[in-house]
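Asker: As annotated by Swiss-Prot, transmembrane segment applies to 33-53, 77-98, 113-133, 178-198, 226-246, 288-308, 320-340, 347-367, with the evidence given as similarity to another entry. What Swiss-Prot lists as heme b b562 binding site is His83, His182, and the listing cites similarity to another entry. According to Swiss-Prot, the feature heme b b566 binding site maps to His97, His196. According to Swiss-Prot, the feature ubiquinone binding site maps to His201, an assignment based on similarity to another entry.
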Amino acid sequence: MTIMRKTHPLMKMVNHAFIDLPTPSNISGWWNFGSLLGLCLIIQIASGLFLAMHYTPDTLTAFSSVTHICRDVNYGWLIRYIHANGASLFFICLYLHIGRGIYYGSYSYVETWNIGIILLLLTMATAFMGYVLPWGQMSFWGATVITNLLSAIPYIGTDLVEWIWGGFSVDKATLNRFFAFHFILPFIIAAMAMVHLLFLHETGSNNPLGIPSDCDKIPFHPYYTTKDFLGIVLLLAFFFTLVLFFPDLLGDPDNYSPANPLNTPPHIKPEWYFLFAYAILRSIPNKLGGVIALLMSILILALLPHIQTAKQRSLMFRPISQFLFWLLVSDVLVLTWIGGQPVEPPFIIIGQIASFLYFAIILILMPIAGIIENKMLKW
């Protein structure tokens, strides 16, 4: 008798993706983040669905409805904090996943990598719109400042901004459409994640050595299901410590004040996971130049497969490139810190140097390091 998981049309798909999938025998814990991102997405969709049952996307009642969720709905405070901190967890896993991809040369799988970049952009858009929904001070002013950046686009900019706002300022129409998009986008992200997996399974997973592993594959289950389960347990332990003991650690106190168009907060800033890009945006005095730099800070990832000069895929045995990689990580952390600081000396010049270094490492120094390493190995 044949096994049902190998013959049933639906179970066969699951079997090929998660059970009998041939997987390299030497992939490390850094490969856990794909499944952890899937878990984060499930947590966000589930908690978001329950929040949407009680939330009202109206400028007069949005803030009150969030207060009502926290005070009157059974475990509403817990659902809200799970959702708010779940976004932070999502981005922590996302950035670690991208970092692993850069370190081990996973960007060589161009289709998978490009779908990943689209997933990153969709997730950033979803998180931004979600931040606007509680209709606190930082929600309102964050929405105003970030959407206003589109006015830098020549000729059509102003019309585009008013079209997105649904009026002449961020108001009820804006909140309504942001809620609609915030609800639908996670399902689009889930569909794109399936496409991401589809392309990945066409080539098979990369491994820390960056060499073909066709001669040494093991089934995904039970080896990597067990390994992923350990990752999930550790992640949830960290997550619920954050949610239950430090729920407001990563939030902004300004968002506990209702939105007031007549009172500008002293320092407008997005959530922590956008601060590095925000710092790059602010470091260029020209508005259009800043918007282009902001976009390029993410889209530069798409260039990685095309500017790789090294003949070794992974950075595991390339000390110069390793140094540059960790310099890049440090630089992104510096940019994150600068993005949260006011626009005044010495933060302005630090931000400009860090922004220049960000692009210089990726576009100039890493390709040069690859050529030097090839020469050192006489390749």
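For all residues, glycine too, the Cβ spot is worked out from N, Cα and C.
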Asker: Compare the C-alpha of His83 (heme b b562 binding site) with the C-alpha of each of the binding-site residues His97, His196, His201, and give the closest one.
Answerer: His97
Asker: Against which stretches of its own chain does the transmembrane segment (178-198) lie, if we need a Cβ under 8 Å and a gap of at least six residues from its ends?
Answerer: 17, 37-38, 41, 44-45, 48, 52, 55, 57, 112, 115-116, 118-119, 122-123, 125-126, 129-130, 132-133, 143
Asker: Measuring CB to CB from His97 (heme b b566 binding site), give everything in the same chain under 8 Å that is also at least six residues away in sequence.
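Answerer: His97 (heme b b566 binding site) has long-range Cβ partners Phe33, Gly34, Leu37.
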Asker: I'd like to know which of these binding-site residues, His83, His196, His201, is least surrounded, judged by other CB atoms within 10 A.
Answerer: His201
Asker: Could you pull out which residues elsewhere in the chain have a CB under 8 Å from any CB of the transmembrane segment (33-53), counting only those six or more residues past its ends?
Answerer: 69, 79-80, 82-83, 86-87, 89-90, 93-94, 96-97, 100, 130, 182-183, 186-187, 189-190, 193, 228, 231-232, 235
Asker: Quick one: Cα separation, His196 (heme b b566 binding site) versus His182 (heme b b562 binding site), in Å?
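Answerer: Just about 21 Å between their Cα atoms.
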Asker: For the transmembrane segment (113-133) and the transmembrane segment (226-246), decide whether they are in contact, meaning at least 3 CB pairs lie under 8 A, counting pairs 6 or more apart in sequence.
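Answerer: Between the transmembrane segment (113-133) and the transmembrane segment (226-246), contact is absent.
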Asker: Who are the chain neighbours of the transmembrane segment (77-98) in space, where the CB to CB distance is under 8 Å and they lie at least 6 residues beyond its ends?
Answerer: 30, 33-34, 36-37, 40-41, 43-44, 47-48, 50-51, 66, 69-71, 116, 120, 123, 127, 130, 235, 239, 242-243, 247, 250-251, 271-273, 301
Asker: Other than its own, how many Cβ atoms are within 10 Å of the Cβ belonging to His182 (heme b b562 binding site)?
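Answerer: The Cβ of His182 (heme b b562 binding site) has 21 Cβ neighbours within 10 Å.
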Asker: Rounded to the nearest angstrom, how far is the Cα of His182 (heme b b562 binding site) from the Cα of the residue listed as 'ubiquinone binding site'?
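Answerer: Between the alpha carbons of the residue listed as 'ubiquinone binding site' and His182 (heme b b562 binding site) there are 29 Å.
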